[in-house]
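In what follows, a structure is listed as structure tokens, so that the remarks can point back to it.
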2 protein chains.
Amino acid sequence: MANNKQYHVAVVGVTGAVGQKMLGMLEQIDFPVEKLYPLASKRSAGKTVTFKGESVEIIEATPDAFEGVDIALFSAGGSVSKQLAHEAVQRGAVVVDNTSAFRMDPEVPLVVPEVNPEDIQKHKGIIANPNCSTIQMVVALEPIRQKYGLNRVIVSTYQSVSGAGNDAVEELKDQSQALLNGEDPETNILPVKSEPNHYPIAFNALPQIDVFEDNHYTFEEMKMINETKKIMHDSELKVAATCVRLPFFYSHAESIYIEIDGDDISIEDLQNTLKDQPGVVLEDDINNQVYPTPLSAEGKTDVFVGRIRKDLDVANGFHFWVVSDNLLKGAAWNSVQIAQQLIQQPGGLK
Amino acid sequence: MANNKQYHVAVVGVTGAVGQKMLGMLEQIDFPVEKLYPLASKRSAGKTVTFKGESVEIIEATPDAFEGVDIALFSAGGSVSKQLAHEAVQRGAVVVDNTSAFRMDPEVPLVVPEVNPEDIQKHKGIIANPNCSTIQMVVALEPIRQKYGLNRVIVSTYQSVSGAGNDAVEELKDQSQALLNGEDPETNILPVKSEPNHYPIAFNALPQIDVFEDNHYTFEEMKMINETKKIMHDSELKVAATCVRLPFFYSHAESIYIEIDGDDISIEDLQNTLKDQPGVVLEDDINNQVYPTPLSAEGKTDVFVGRIRKDLDVANGFHFWVVSDNLLKGAAWNSVQIAQQLIQQPGGLK
């Protein structure tokens, strides 16, 4: 890092699945944290978190809790962000928000550092972190788009329960054990905690992530569609998504179809385009059964790409399979990367 | 049924996951079985199966075991079918083969009774039952194709372990319990028993079903592509598939994108087209979170369709979600339906 400045860093929602991973990522890259502000709901205030081997007391997330904070990483749900992000900005913090609260706000940059790092500089206090399933897709697509252009994306997702929080992780464990014991599973969380109906996720697949919109797409599907266009600055890009929750704990996988410019591109061309990109790991060797899976990607910060195939009918069409840890690159790591770029800007954090 | 004729019916591979379901389907529709021939490998000979409340001894599947058989339902793997199907035909049986051995043979009809029942009459002794993931897709697509035409299909599958046999079902149970106990899972069966590498399926997703072909598609993917064109008698139809094995026991689900003729078709038009079709059940009511899942389809013979959406960019494009029990409509029930149609033909079985 260019200077030795240390920062006051708040993590809002520090007890959640993503908040915990944010602490881990800050530690892992040795982010210059002078003082950590672990913020959470009143219920968790007074408990402690461990950061760099030290126990730090959790503070209730109130407007005044942001006094003195330089960078605030938010991941406590959209309503908390709507309530407190501007309060933090007013007190001088730059907010990196990992909820859907501001993502489509034209005044707020929506950033994946491998794709549109230049947008960070346009911030007016808040920078939005995209949805987990969007991030891993655009990281894999951007090198292809840069080299060959990109006209169309059709994605079907295979998403882990951790995207719905720690309660959903526990629910999958409990339901799995119940069904293995021949008992009826309790259903309280998935597909969407706030919705009237809950269905078993253990040994099942639920084609609903988040609530339904009027156009019959879910909000999760519309996030993938709208966020991809915003991040790539291409409102004409055709994007369609089907989002499905599945019984694994961590990582999301995606079956992606794309149409690019040019009809004489080979599988090897795409493999070569992806293999040396920052943040991308090519795992595509069918002769040795090499391809990414949710378990193989768990705990890693990269986006893994495999199963690259040429469409058999459409000359400019390709299919592939993308996997990444939804809590890391899909959330905590992307947020910490944004924070890292913020402090590395010429002139530092501003 | 038009006549009271009773038949000698062989089930080859009677101890397998599909063979067991074939017995169940024959019982359920009260198929006119005069004598059941439960055939299996030498290893199982002498054991018994229960059929209509009676215990019947399993016989080793040899050429002579087909003497006197009218209809032989094969589901013991492609090599057994290649070895014994013609032997059964030579001895006077009509074979309904649920393996990939003869599916693409131009002399062998490939039949889904809701789609191309007329092809049954073209048989020369063998009728092939399509791959499980193909069957449920074409049942859902055919009414749309009949009404609106069909130009393009892109499918991503969510397939249960029972498609890989009883061993894979046990492996998922054992691995799930091991992982819940914090132990390492044993990997012996999936993704493909005969391949060198095995990976955990519990709490994971494996983007490999069957072996890889030279074009980087798996054999399962190529089955979906080629069989769909053959069943629909449309070699020009564009079909692409990505097949993924997932940690649930029964039913396959599919995220399907189609392009039809005409760009002023509504979601309601497609719902109305599907809702009264034989073998199809529309479960598509987003206001009440109604959509099919693998658990909800388990044990049922229908194909369930939900999540119908219009593509947001391509006027003649639609997305939807199709689920069916892979061992029933995907295998045993489709085979028994073919047998049922065979004996109901004018003139009966011939």
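Including glycine, each Cβ sits where the backbone N, Cα and C put it.
A quick note: this is a predicted structure, and the numbers were derived from the prediction, not measured.
NADP(+) is bound by A:T15, A:G16, A:A17, A:V18, A:R43, A:S44, A:S162, A:G163 in TrEMBL, and the record lists one more residue there from A:N316, A:N326, which is A:N326. Taking the Cα atom of each, A:Q159 (substrate binding site) and A:R43 (NADP(+) binding site) are about 29 angstrom apart. In this structure, the C-alpha atom of A:H252 (active site, proton acceptor) lies 9 angstrom from that of A:R245 (substrate binding site). Confidence annotation: the domain 'Semialdehyde dehydrogenase NAD-binding' (A:8-123) carries a mean pLDDT of 97 in the model. A coil conformation is recorded for A:N326 (NADP(+) binding site) in the three-state DSSP classification, outside any helix or strand. When the binding-site residues A:Q159, A:N326 are compared by the number of other C-beta atoms lying within 10 angstroms of their own C-beta, A:Q159 comes out lowest. With a 10 A radius on its CB, A:A17 (NADP(+) binding site) counts 22 other CB atoms from all the protein chains. Counted over every protein chain shown, other Cβ atoms within 10 Å are most numerous around A:R245 among the binding-site residues A:R43, A:R245.
Least packed by the Cβ count within 10 Å, out of the binding-site residues A:T15, A:S162, is A:T15.
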